[in-house]
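The structure appears right after this line, and notes come after that.
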Amino acid sequence: MSLFLSFFISILLCFFNGATTTQFDFSTLAISNLKLLGDARLSNGIVGLTRDLSVPNSGAGKVLYSNPIRFRQPGTHFPTSFSSFFSFSITNVNPSSIGGGLAFVISPDANSIGIAGGSLGLTGPNGSGSKFVAVEFDTLMDVDFKDINSNHVGFDVNGVVSSVSGDLGTVNIDLKSGNTINSWIEYDGLTRVFNVSVSYSNLKPKVPILSFPLDLDRYVNDFMFVGFSGSTQGSTEIHSIEWWSFSSSFGSSLGSGSGSPPPRANLMNPKANSVKSPPPLASQPSSSAIPISSNTQLKTSSSSSCHSRFCKENPGTIAGVVTAGAFFLALFAGALFWVYSKKFKRVERSDSFASEIIKAPKEFSYKELKAGTKNFNESRIIGHGAFGVVYRGILPETGDIVAVKRCSHSSQDKKNEFLSELSIIGSLRHRNLVRLQGWCHEKGEILLVYDLMPNGSLDKALFESRFTLPWDHRKKILLGVASALAYLHRECENQVIHRDVKSSNIMLDESFNAKLGDFGLARQIEHDKSPEATVAAGTMGYLAPEYLLTGRASEKTDVFSYGAVVLEVVSGRRPIEKDLNVQRHNVGVNPNLVEWVWGLYKEGKVSAAADSRLEGKFDEGEMWRVLVVGLACSHPDPAFRPTMRSVVQMLIGEADVPVVPKSRPTMSFSTSHLLLSLQDTLSDCNTVALNSSRSSSWSVPEHNVIIRSDDDHLV
C-alpha cells in the first residue's frame, strides 16, 4: 500500500510544479478532436492531407489536434518529453507525376497553412510563416532545399532545409510504395535526445533512423499544437494518416514502449485526453537557428530538492495530501471492483475464445449489434461470405454504418475457420485491406464488425451495375489489390496466404479504392518456411493448378488468383463464363478466360480482350501492359509467376513486364506413378475431374477439393 501512496504523492507533487500530462490516441479520428485546414479531409477514419485527383495538381492540407499542448513548464521553460506513433501512406494515382510529401509538425499556429509544392504546407512564400518544428517525409529531391534524395526523412526548424536527414532506402522503406508505414517520433526531456524510427512493421526498430541531441525548449513556446502537414507539387500523390497516438509528460523519460501501437491490432475509439483547458497561447520568442545541442547540463536534482523544501516547509499540506491520497485510492479500488463485477456478470463468454482473439481490435456487445441490424433482419442482408451472412448495421452509440458478418455454421471446425479470419486480419493494417473494427462472442454467436464499403464488391461493380466501371478506376483497383497482396506476402511480420483472392472478395470504398477482404481461408506462415498441405479450398477459375493437386498454398497460388482477377477486370468476363450467350461476347468463345486471352495474345491482338463497354476509352499501351501482367500471373508453372511486389512495380511502370510465351504452356505435375496435365484439372467449370483410368498408387481424395460458388459475396 505504501508503494501506491508514494506513487500517488509523486503525482500530486507534479501538479504542484504545474506539470501537465497529455495523452490521446485514435483508431477512427473523430472530427471533434481535429482541426482540418486546406485540402485536409476525414473519411472512414483516415485523414487525407491532399486531394485524391487523377490529374497532376498542387495543393496543401494540414490536420492538428484541436487543443494546444504544454511543451514547456511555466517559469523554468523545462521541455516536455513526448512520444508520437503514427501510420501513414503515400500513394500516387499517376506514377509518372511525383512530388510532395508530409510532415509531423509542432507549431504555435493553429489557423494557417503554408503554400503547396516543396514546402510541404509548412511555410509561406519565400519561407515566411510561423515558427515550427517538423519531421518531414519527402518524395522529391529539391536542390533548393538541399534534399539528399527523393526518399528521405528530415528534421526541420522554421524552414524546410533539414538540419538532419536520413536515407529511408537504408532501412528498405519506399515512401512512394503506397504501403502503410509506421513512424515513432520521440523526445526525451531529461537526456535532450530526439529520435525518429520508421518501419513497415508494428515493431519499433531497435536503431532509429535519426537520433541527435536537441534543446527543444529553444524552439517551442509554452503551448504548441501538434499534427501533420502535407502537399503536392504538380503530382497526384495522396497523403494519408491512418492512425495516430501522442503522449507527453514532464520530469521523466517516456519508456521505450511509449507511443507504440497496441499489440497486433487496430486501435480502439478515441480516449478522453487529459488536457486541462490550458491558458491562451503565450507569445514567446523562438530562435530561428538550426538546432545544435548546447552543452547545458540538466540539473535533475533541482526538482527533487524543490520537493524536499516543499515537504519541510509545508508538513501540514503533505499530511493532507497523504490522507487524501489514501482516501482516493480506496475509492478508486472500490470503483474498480464494482465495474469489473458488473462486467463479469453481464454475459458468459468463452475463455478459450478470448485468448485466441486477444489481438483483435474491440469487443462489441451482442445487444448493440442485434439492435444495429434490426434483430438481424433479412432486409439488412448485403451479402454472403465464406462462413457467414453479412448485414448492414448502424452502431447505436456512434451512428457509424458498419458491416456485420455473422457465423452461420454451428460446427467447431467452421467456427475455427471463422476465428482464423479474426485472428489474422486483426493483426494487419494496410490501406487496401478491409478494416476490422471489432468482434462479439455471446449467446453462442460469433460476429465480426467491418467498415462498410459503400460501392460494394468488385464483381457487382463489373457485372451488376448499370454503370460501366471506367478504365482509370479499374487500373486503380488492380494496383490496390496488388499492393495489399505484396504487403501480406512479404511486408507483415508473418507471411499471410489469402487463398481466396477473387472479385467478390474485393470491396470498393466511396472513391473506388480496392479493399481486399474475407480472410476465412487465409493462413499465416513464418517467412522462408514451406507451406503445409491442407484441404484445397476456393472458387473454380481462381485456383492455381498446383494447389488443386497438392493442397499446398503458397504466395504463388495467390498470384495465380490475382492473374484471374486482372483478366476479369480488363475483359469484363468471369474466369469461367457459364453463360456463353452473353450479348457482349460471341457464341462459341472459349469459356476459360485465361485460355481465351492467351489465344488473342498468340494472334497479336491481346488488346481485343478489353471490355467492349469501355468503348475504347483507354490507353492501348496501358491495356497491353496490364493484360500481359495478368497472363504472367496466370502461368501454369508457379516458378514463372512474378511476385506481387514485382507486379506492383510493373503496374506503375518501374519494371518491365516479363516475356510471356505466345502459346499457353502445358504444365504437367507428376509423381513416379502419375502424370496429370493442366487440362485435366481445369477442363470442367464446375468440378475437378481426376482421370482415374491412369495407373497410379497416388491420388487426390475428392473431399480434399472444396469448390466455392462465384455467388459468395462478403465484406
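Counting starts with 1 at the first residue shown.
Positions of Cβ are set from backbone N, Cα and C atoms, glycine also.
Note that the structure is predicted; figures quoted are calculated from it, not measured.
Taken from Swiss-Prot, the feature signal peptide covers 1-21, and the record attributes it to sequence analysis. The topological domain 'Extracellular' feature in Swiss-Prot is assigned to 22-317; the stated evidence is sequence analysis. Positions annotated as transmembrane segment by Swiss-Prot: 318-338. The ATP binding site annotation in Swiss-Prot covers Ile382, Gly383, His384, Gly385, Ala386, Phe387, Gly388, Val389, Val390, Lys405 and rests on sequence analysis.
Mean pLDDT for the topological domain 'Extracellular' (22-317) in this predicted model: 76.
Under the DSSP three-state reduction, His384 (ATP binding site) is assigned to strand. For the binding-site residues listed here (Ile382, Val390), the lowest count of other CB atoms within 10 A around the CB belongs to Ile382.
Following the DSSP three-state reduction, the secondary structure of Val390 (ATP binding site) is strand.
A count of other CB atoms within 10 A of each Cβ picks out Gly388 as the most crowded of the binding-site residues His384, Gly388.
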